[in-house]
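Novice: Sharing a structure here in structure tokens format.
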Amino acid sequence: MHTRAIYPGTFDPITNGHVDLIERAAKLFKHVTIGIAANPSKQPRFTLEERVELVNRVTAHLDNVEVVGFSGLLVDFAKEQKASVLVRGLRAVSDFEYEFQLANMNRRLSPDLESVFLTPAEENSFISSTLVKEVALHGGDVSQFVHPEVTAALAAKLKLVKP
């Protein structure tokens with residue numbers, strides 16, 4: 001276990017599926033950097049600073065996990081972090097084609113950077129940040145899909161605090 005890995009994503013917000021993969025990656029690698037992307041093509045509900053703070057709170061129990069916001073190319077961020085592995089999650093076959101293209105592009109840009117794919121636990125296989133936000137936006141209970149810190153942050157952000 002000598003390898004430094006990066007688990008990149010938008011994490012808007014972090015879900016139980018993300019946490020499942022982070023916990024498993026933390027067992028596989030010496031150090032895991034959660035790279036929270038400031039992706040200008042997406043319009044996140046939470047600011048980069050809010051996402052970094054939420055992910056820090058949710059992963060505080062993992063000693064070998066660090067949370068860092070970044071912008072720019074992922075391969076450049078990986079070099080800065082001295083990481084040799086990208087951890088990516090595959091929820092369904094529909095994720096595979098995009099992830100396959102992304103892995104090949106990253107390999108072209110940085111031949112020493114390997115992509116490793118983890119599948120979520122069955123109970124998390126359908127959870128996505130987009131679905132969680134949609135349920136929360138319509139007043140649904142998302143507590144079974146996200147950490148209590150995230151439930152509270154979503155309620156505050158969406159002004160759906162219930163009495």
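Each Cβ is built from the backbone N, Cα and C atoms, and glycine gets one as well.
Quick paste of what Swiss-Prot says about this protein:
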{"type": "BINDING", "residues": "THR10, LYS42, LEU74, ARG88", "note": "substrate binding site"}
{"type": "BINDING", "residues": "THR10, PHE11, HIS18, GLY89, LEU90, ARG91, GLU99, ASN124, SER125, PHE126, ILE127, SER128, SER129, THR130", "note": "ATP binding site"}
{"type": "SITE", "residues": "HIS18", "note": "site 'Transition state stabilizer'"}
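Quick one: where do these features end up spatially?
Specialist: In the three-state DSSP scheme, LYS42 (substrate binding site) is classed as coil.
Counting only same-chain residues at least 6 apart in sequence, those with a Cβ under 8 Å from the Cβ of THR10 (substrate binding site) are ILE36, ALA37, ASN39, LYS42, PRO44, ARG51, SER129.
Around the Cβ of HIS18 (ATP binding site), the same chain contributes GLY9, PHE11, GLY89, each under 8 angstroms and 6 or more positions distant in sequence. For the recorded site, HIS18 (ATP binding site), the DSSP three-state label reads helix.
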Novice: Using a Cβ-Cβ cut-off under 8 angstroms and a sequence gap of six or more, which residues of the chain neighbour LEU74 (substrate binding site)?
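Specialist: Expected: ILE6, PRO8, GLY35, ALA37, LEU86, ASN106.
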Novice: Expressed to the nearest Å, what is the distance separating SER125 (ATP binding site) and ARG88 (substrate binding site) at their Cα atoms?
Specialist: 14
Novice: Could you round the CA separation between ARG88 (substrate binding site) and GLU99 (ATP binding site) to a whole angstrom and send it over?
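Specialist: Cα of ARG88 (substrate binding site) to Cα of GLU99 (ATP binding site) measures 8 Å after rounding.
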